[in-house]
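Written below as structure tokens is the structure these notes are about.
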Amino acid sequence: MKRKKTVIHQLISEKQRFEKAKEGGNMAAKDDFGTTKYIIHAEFEANGVVERPDVVGAIFGQTEGLLGDDLDLRELQKTGRIGRIKVEVHTKAGKTYGTILVPSSLDRVETAIIAAALETIDRVGPCEAKIRVIKIEDVRATKRKYIIERAKEILETLMEEEIPETQELVEEVRKAVREMELIEYGPEKLPAGPHVPFSDSIIVVEGRADVLNLLRHGIKNAIAVEGTSIPETIIKLSKERIVTAFTDGDRGGELILKELLQVADIDYVARAPEGKEVEELTKKEIIKALRSKVPADQLLTIVQQRKELFDKLGRERRRGGARKQEYTKKGSLNPQPQVHPNEKIVKPLKVLKPDYKEFEEFIEKVKNDSIALLIDENKNIIKEVPIRDMLSAIESSESIYAVVFNGVITQRLIDIVSEKGAKYLIGARKANVVRRPITLKIITFAE
């Protein structure tokens with residue numbers, strides 16, 4: 001009677017364990033196999049209907065004491081060397097079939113011994129049974145295979161991502177530096193290079209991108225108008241500095257240039273190549289365009305001459321048409337067409353003023369080299385200095401007859417040159433001059 005109670009109690013305990021394992025589901029199984037090295041895969045067949053607890057009980061019961069204390073399944077499971085045994089069963093035609101999974105963290109030899117011990121089980125519950133080991137799975141090999149496949153995927157993803165080239169990294173750093181160098185100038189906060197506040201000459205461009213492109217190539221005295229409406233800051237700067245208008249080679253650039261020439265005092269005009277914008281020019285194209293700049297006065301003269309030529313041609317055509325109609329009315333009924341020789345329009349030569357002609361050679365020299373020349377009465381060059389050193393050179397020199405330079409004639413310069421007793425002051429253009437000494441003759445390149 002006591003033995004019967006013990007068996008019933010054991011069956012109840014096995015059933016509770018089965019229900020608990022069933023509730024845990026796959027997660028429990030995953031936890032059991034998480035730290036194992038090997039998994040024993042076996043299948044069984046029983047000549048009768050048995051349940052999972054019967055199979056588990058047979059495994060523990062029939063291997064107890066078979067392999068000694070060191071390989072006893074109960075002791076190994078307590079110490080975690082053997083994981084939870086997973087059994088799946090299904091019944092068909094009065095027989096029970098199923099699979100057994102035994103997780104093991106033992107070494108290969110000990111795991112193989114446990115696997116062989118499973119095949120010694122010949123009964124499950126009241127039924128005869130047979131267990132056959134299919135394979136021993138090396139979990140670490142499976143993990144290694146997973147690691148290799150996953151590493152391939154990660155590497156492929158990494159290689160698909162765009163890795164910036166060295167030049168791109170350098171360009172990113174330079175771009176950040178250029179944007180740091182960019183300043184806001186004037187009440188309108190116009191984008192400008194860092195040299196605009198103190199440079200003697202400035203370059204007026206259309207927009208912020210143009211200023212950044214010039215900064216990229218080392219030109220730091222550019223300022224943008226930011227639109228077709230010319231800011232007051234640009235107008236004010238044009239009266240104090242030597243200004244070069246650098247516009248795009250399209251219709252928009254022409255409109256901005258036209259507006260600049262109307263409201264500001266522009267000294268030189270440079271254009272980007274036809275169809276290109278300043279922001280997309282290379283360093284070579286920028287340098288070439290700036291070297292090819294033309295004086296604004298010369299550009300305006302050409303435009304004015306063309307306008308006068310077209311007006312003259314229009315007047316002659318209108319007069320010729322009127323004479324032809326008048327002759328037809330007053331002449332015979334069948335007037336003969338009058339043949340006129342082709343008339344050539346000859347552009348009158350520009351007559352140089354005596355004073356300008358006297359210094360023409362020196363003017364051409366400073367135009368090309370952007371220097372200042374101090375000349376004595378015999379037309380000998382006393383000093384040849386950069387424009388930035390011109391004032392100090394004048395103050396330290398004697399017997400100055402004329403000063404020729406490619407810059408703006410200011411009131412201060414007039415006063416200094418006059419004090420030195422010079423007779424001529426020749427520059428690119430004049431600023432707002434209030435006092436003009438009688439003994440000093442002031443000439444601009446346009447004159």
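Any Cβ shown, glycine's included, is placed from N, Cα and C.
Feature annotations, courtesy of Swiss-Prot:
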- 200-274: domain 'Toprim' (DOMAIN)
- Glu206, Asp248: Mg(2+) 1 binding site (BINDING)
- Asp248, Asp250: Mg(2+) 2 binding site (BINDING)
- 316-339: region 'Disordered' (REGION)
If we count other C-beta atoms within 10 Å, could you say which of the binding-site residues Glu206, Asp248, Asp250 has the fewest?
Asp250
Expressed in Å to no decimal places, the gap between the Cα atoms of Glu206 (Mg(2+) 1 binding site) and Asp250 (Mg(2+) 2 binding site) is 12
DSSP-derived structure type at Asp250 (Mg(2+) 2 binding site), helix or strand or else coil:
coil
Taking DSSP as the reference, which of helix, strand or coil describes Glu206 (Mg(2+) 1 binding site)?
coil
Run through the domain 'Toprim' (200-274) and tell me, per DSSP, how many residues are helix, strand and coil.
31 helix, 18 strand, 26 coil
